[in-house]
Amino acid sequence: MKYKRENLSATLFILPSFLPLVAFLIVPMLAAVTLSFAQWDLLTPPSWVGLENYFELFKSAVFWQTLKNSIVFILGYLPIVYTLGLAAALALNKKFVGSGLLRAAYFLPVITSWVIVSLLWKWILNPEGGVVNSLLSQIGIQGPGWWTSTTWAMPTVIIASAWKDLGYVMLLLLAGLQSIPPEYQEAAAIDGASKSQILRLITLPLLTPATFFVIVISLINNFQVFDQIYLMTSGGPEGSTSVIVQQIVKNSFDYGRMGYASALSMVLFVIILSITLVQIKLQKRWVNYE
Amino acid sequence: MSKSIHQVNYFQRAFLIIGGVVMLFPFFWMISSSLKNDVEAFATPPTIFPSSPNLDNYRTVAEYLDLKQLFINSMSVSLIVTFLQLLTSSMAGYAFARIRFRGKSIIFMAYLVTMMIPMQVVVVPLFIEMRELNLIDSYLGLGLPMIVSAFGTFFMRQAMMGIPKEIEEAAILDGAGHFRIFSRIAIPLTIPALSALCILAFMSVWNSFLWPLIVLFSPEKMTIPLGLAILHGEHKTDWPMVMAGTTLAVIPIAIVYLLLQRQITQSFLTAGLKG
């Protein structure tokens, strides 16, 4: 009797969240799996094509290009955001006059929307009349075409992304630093260790959980990049900044290829799932928890 | 205690301050550009401060965009969705943390699995579903997929597991049922977690772009990010005017951030470390 009532209460508590979860996440997820085996333009009835979308995808140069772009993006972005974030976190680890203000300055871009961030950087790095190129021309350097150039479009996106995320990475590393007991560093200093030795042999190894978290979260987030690409470059020029999510949107809403777009979604899902699973598995092994 | 690690490191300070200036420069340049006329904005060498600041660009933005409407749209969608997300997350979180029922572990597993599905993976079928339900270009279509968050549920469950059993038992002895315990005990005791979730949910709805871009068409229904994107799309080279638009969009964020700085950074941290 009591147990039945508990079941009823639980149902009432969970339904308001479970129904939307099923309707707007689980059902669409299953639909995406199904659709990835079909061809559908939304106008004529869908037709079953088996694995054809996947075959096409893996043979498509555009698809490999987008994957390569994502990896290039991450390889450019991660070292910048991690090094600068770590430097800022190390310097801000002690409180001093103005440290709160500096933290705020570093964090403001994190809460600013991608639309705003993209437009700001597009203007700053505008090839003509943008402040960076204007200043470069003052010292006799012809500035690059930034987001209009096939070589510079990706660095442009990387700069804007690093600027936006730096404060978040700093925050995570700062929390990591503060969880290291100061006695360790003090003991090493008493034993005559130099500052760089303390950093290299004590601080950094004890910071691995935070570092690991920053890397994983960057990987997961950056494979889903869309807003800044859409606004800054639309994937161009000549596909040099095209990424998976942008291809999904383009194929479904511009070309009406719902099946092919769903196959792309599945690839994205598998990538994110693998990163998450690797994280769960490795976390136990090479992270130096106290 | 050794001196070497507690000394002020001037090199570090200099680095930090230069870094802070670099971080704030884009915001400064945005405001400065928005107050310049078209000629000065593109001038070489650039002028740091506008020589004769004026609000013309703001007037032009106001002609193209119904700013008040955009703000009201963004605000109402964000507030309602955030409220519903907190409600659904805390209710389900309560059930998972405090009620014993059949199938609990399986259902909870479903939540954990869906936490790994990003919105980007399901936009296509979600759009088709909304089209079938006739909810395209409506706030219902925009908001419904965001009123539930598997992460929020997980987060609230963790918070509610921390409520001491004695408090709950005392309430049960007084004849309280689950709804009473939920509203009188669980909610008041998890205010810190709820406010962290509130900040994160509000920000993610307020800043969301991909789903609104797909599901909304009518200009009068659009949210601030969409309005800005359209402003930029239609006036690709009128940068001073676009900067006036982004300045207006930054103002509410900056005000909220100044007021809630500690809570905002804290919520990003708790969510980061527990998620």
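Glycine too: its Cβ is placed from the backbone N, Cα and C atoms.
Keep in mind that this is a model prediction, so the values were computed, not measured.
According to TrEMBL, the domain 'ABC transmembrane type-1' annotation covers B:71-260.
Under the heading transmembrane segment, TrEMBL lists B:12-31 (among others).
A Cβ distance under 8 Å defines the sequence-distant neighbours of the transmembrane segment (B:70-96), meaning residues of its chain 6+ beyond its ends; these are 104, 108, 111, 139, 142-143, 146-149, 152-160, 178, 182, 186-187, 190, 194, 197-198, 201-202, 205-206, 221-225, 227, 252. Taken from TrEMBL, the feature transmembrane segment covers B:70-96 (among others).
Taking Cβ pairs closer than 8 Å, the transmembrane segment (B:108-127) reaches residues 92, 96, 136, 145, 150-151, 153-154, 157, 210-211, 214-215 in its own chain, all 6 or more past its ends. Residues or ranges marked as transmembrane segment by TrEMBL: B:108-127 (among others).
The transmembrane segment feature in TrEMBL is assigned to B:139-156 (among others).
What TrEMBL records for B:189-219 (among others) is transmembrane segment.
Residues or ranges marked as transmembrane segment in TrEMBL: B:239-260 (among others).
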**Report entry** Same-chain residues near the transmembrane segment (B:239-260), Cβ under 8 Å, at least 6 residues beyond its ends
**Finding:** 27, 30-31, 33-34, 36-38, 41-42, 57-58, 60-61, 65, 67, 71, 199, 224-225, 227-228, 231-232
